[in-house]
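The transmembrane segment annotation in TrEMBL covers 112-133, 198-216, 228-246, 266-288, 321-348, 397-415, 427-450, 456-474.
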Amino acid sequence: MASVLSKSQFFFLKNVSVLNTVKNTSIKNFTLASSTATRASSSSVNSRVLSSASTISTGLLQRNFFSNAAFNAKRSSLRNFSTFSAFRTAQTVEPVVEQQARKRTLLNSSKWVGYWLIGTSGLVFGIVVLGGITRLTESGLSITEWKPVTGAIPPLNHQEWEEEFAKYKESPEFKQLNSHITLEEFQWIFFFEWAHRLWGRAIGVVMLLPAAYFVAKRKTTSRVNRRIFVLLLLLGLQGAIGWWMVKSGLDEKQLEERRSKPTVSQYRLTTHLGAAFALYAGMIWTGFEILRENKWIKDPKRSMELFQQLENPALAPLRRIALGLVALTFITAMSGGLVAGLDAGLIYNTFPHMGDDYVPSNRELFDETYARKEDKSDLFWRNMLENPTTVQLNHRILATTTFFTVLAVHMYAVRNKFIIPRAAKKSVHAMMGVVSLQVTLGIFTLLYLVPIPLASAHQAGALALFTTSLIFAAQLRKPRTPIKILNASLYAQQLKKAQQAGSKILTETSKLAK
């Protein structure tokens, strides 16, 4: 009997320690309403967590998600947790929360929406790389018409190929640069432009049809619905920008005004590239946010610990720097678009020097021949955007600035690793590796006179660096207020279950002691 009592005493002391640890958890730090109350029991913790929900505007709780059939026993598990069940199963439910529960409003979108957006962003990544190859092979002006629907079908016989080739022969590019090419050579450049346009159409289908399904099935919040709508508009606009860009290389008057050979405008090329980056960023940011919030819901305890870490004031400067890095990588990539549009990579193929010096002379950087006004008032900005020498120097400066900024952030993250979330540390390490590779690719692309494989890899590297900066910034973001309340409610349920389990153990221990 003594051995039994010693075991019971051991378990009694163990479980009392566990319960005290659970009771002391500072869950009140994650509610919206501040509380001056001291530590309380599990029921008061639940009341405080759920009463804070009444401070939220009902505008934050939008869109129905689960149908009536969703309110079965299976939905009570954390894996299939719904907003309704979180509030409904809590011990104390305030009137505002009850009202929102009856409406079956949604705080987070389905994880499948996140997977869909991330997958579609991969298609956008691919089309950016393919677009770069299309430009490098000088294939972008091979299709002289814009037919959004019927243009998806290429010429299918010899006669149709001859007709398409005849249209190309009327273009300035054929007359001035490619008058020597044969039908077979035309088919080769036609393929790249056709594949690029077909890929764009495929993205449109992959974006539109699932979007309609998810919205119709109410698997998205109204917040995500607005973002999807903007992404769809941007996708349609991107197709129009693409044709607007191609048209600049087919119009002889525009070519004369630009004093250019038959090629697309560097401004329109950069606009097309920038719109692709913006579309990609919207997909990555929204998809990552959805997956992140669903991950939090599955593990409320760990999520609450992460929330506390993200609330650390020491992260505020790093959060701003991360957003600045996103802007810097974007601007650097756009300067690369100007370099590509002006073929500026084919001059000064040395590094770090540009010719005999690190920086060319002012006379070369601000050449008066680029000014179009008599008073030379446009001398500065035209040289900054149209002079290949100045544009290449700008890209070098921006690329170097980006590299050392990432290096500084990486060093800061290493020195302050205890305040930075683990996932964010992984992202900054990845960003450091990508920026190092990107600088190396850029230098070798310049030294070897822009070979297609290296130049394509360099363009892909720009988007990869932009991706890592986006994810790093996203991982430092604080959770949305509704998600805080949702996780607090879930965590309160876990506390209650833990205390109930502890009470049962204490009861059994008391029986054994008697």
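Backbone N, Cα and C define each Cβ position, glycine as well.
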Which stretch from 112-133, 427-450, 456-474 shares the most C-beta pairs under 8 Å with the transmembrane segment (397-415)?
427-450
With Cβ distances under 8 Å as the criterion, find the stretch in 112-133, 228-246, 456-474 that has the most pairs with the transmembrane segment (321-348).
456-474
The transmembrane segment (228-246) and the transmembrane segment (456-474): do they have three or more Cβ pairs under 8 Å, with pairs 6 or more apart in sequence?
no
Between the stretches 112-133, 198-216, 228-246, which wins on the count of C-beta pairs under 8 angstroms to the transmembrane segment (266-288)?
112-133
Near the transmembrane segment (228-246), which same-chain residues lie under 8 Å Cβ to Cβ, leaving out any that are not at least 6 residues past its ends?
140-141, 143, 146, 148, 197, 200, 203-204, 207-208, 211, 214-215, 220, 264-265, 268-269, 271-272, 275-276, 278-279, 282-283, 286
In terms of Cβ proximity under 8 Å, which residues at least six beyond the ends of the transmembrane segment (112-133) contact it?
192, 195-196, 199-200, 202-203, 206-207, 210, 214, 219-220, 224, 272-273, 276-277, 279-280, 283-284, 286-291, 294, 340, 452, 455-456, 459-460, 463, 467
